[in-house]
Amino acid sequence: MQIKSFLLAAAAAPAALGAAVNTIKPFNCGTDAPSRQHIQMTKELAEKEAAMAAEGIMTAQATINVNVYFHVVAASTALSDGYVTSTMINNQVATLNKAYAPHNIQFTLKGTDYTINSNWAVDGSELAMKKALRKGTYKDLNLYILKDLGDALGYCYFPTSVTSKSNDWYYDGCSILYDTLPGGSLTNYNLGHTSTHEIGHWFGLYHTFQGGCSGNGDYVSDTPAQASASSGCPTGRDSCPSQPGLDPIHNYMDYSYDTCYEEFTSGQRTRMTSYWNQYRANASV
């Protein structure tokens with residue numbers, strides 16, 4: 001069974017009527033812990049990466065090209081019901097490309113479809129929705145833009161071994177709260193970086209605060225240890241003072257404000273490439 005990764009809002013804002021209005025949702029991390037199986041996969045990839053680096057055989061990675069299918073699932077054709085515009089979608093793709101380009105990852109919008117379904121729009125009947133809407137192969141990214149995810153801003157699934165048309169194959173992809181797209185109404189989280197963050201999980205990354213101050217953390221050697229998720233943009237935060245480095249508050253895999261996000265690390269780039277090559281690059285179904 002795959003693992004769903006959540007960004008949780010601590011308080012729900014009242015639903016807007018008519019045109020969308022600015023809302024504020026402070027949020028906490030509610031991510032399910034990676035399974036033992038997935039952690040073992042990550043450990044094995046980390047060991048391979050370290051061995052290759054020690055032998056000096058790390059090679060330049062060709063650009064990873066990801067086809068993206070947007071599925072806008074709304075309760076009506078009103079923006080406040082999740083019916084985002086094509087401009088918001090195009091701006092979201094541009095945001096992703098700006099964030100991932102330094103790591104040789106490129107996203108191409110391959111298609112957008114709109115569905116009016118009040119149940120699916122609030123994350124009801126997830127598997128049925130995805131069986132009806134999913135497109136492409138396991139190397140193609142499906143983004144489901146929904147009106148409401150309960151307390152969540154978004155969730156995604158880690159890469160793993162799947163067979164075509166299995167439930168795990170259908171579940172793959174990310175569900176994103178509509179007003180986190182660029183131009184959305186969610187204060188502090190409306191520049192499109194909820195998607196940037198969630199797609200990091202789609203590439204196999206954990207949160208920077210995975211594991212806290214002890215152990216292997218997120219299994220990436222160049223992300224400083226972090227006791228818990230950040231809130232806002234707390235410059236100088238050092239939640240693991242006995243460990244090297246300040247908290248990586250600007251890292252896309254923390255939970256900072258969108259305006260605070262700036263980077264993935266070199267180690268995260270290597271990990272995304274490893275997971276891509278292992279599970280997605282050669283997918284034909």
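Each Cβ is built from the backbone N, Cα and C atoms, and glycine gets one as well.
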**Request:** State the disulphide partner of Cys260 as given in Swiss-Prot, choosing from Cys233, Cys240.
**Result:** Cys233
**Complete:** For the disulfide-bonded residues Cys233, Cys260, the largest set of other C-beta atoms within 10 Å encircles the C-beta of Cys260
**Prompt:** Of the recorded positions His197, Glu198, His201, which one sits closest to Cys260 (disulfide bond) when you measure Cα to Cα?
**Reply:** His197
**Request:** Taking Cα atoms as reference points, rank the recorded positions His197, Glu198, His201 by distance from Cys233 (disulfide bond) and give the first.
**Result:** His197
**Asked** CB neighbours of Asn282 (N-linked glycosylation site) within 10 A?
**Response** 11
**Fill in**
If you measure between the CA atoms of His197 (Zn(2+) binding site) and Asn282 (N-linked glycosylation site) and round to the nearest Å, you get 24
**Request:** Fewest other Cβ atoms within 10 Å: which of the binding-site residues His197, His201 wins that one? Let me know.
**Result:** His201
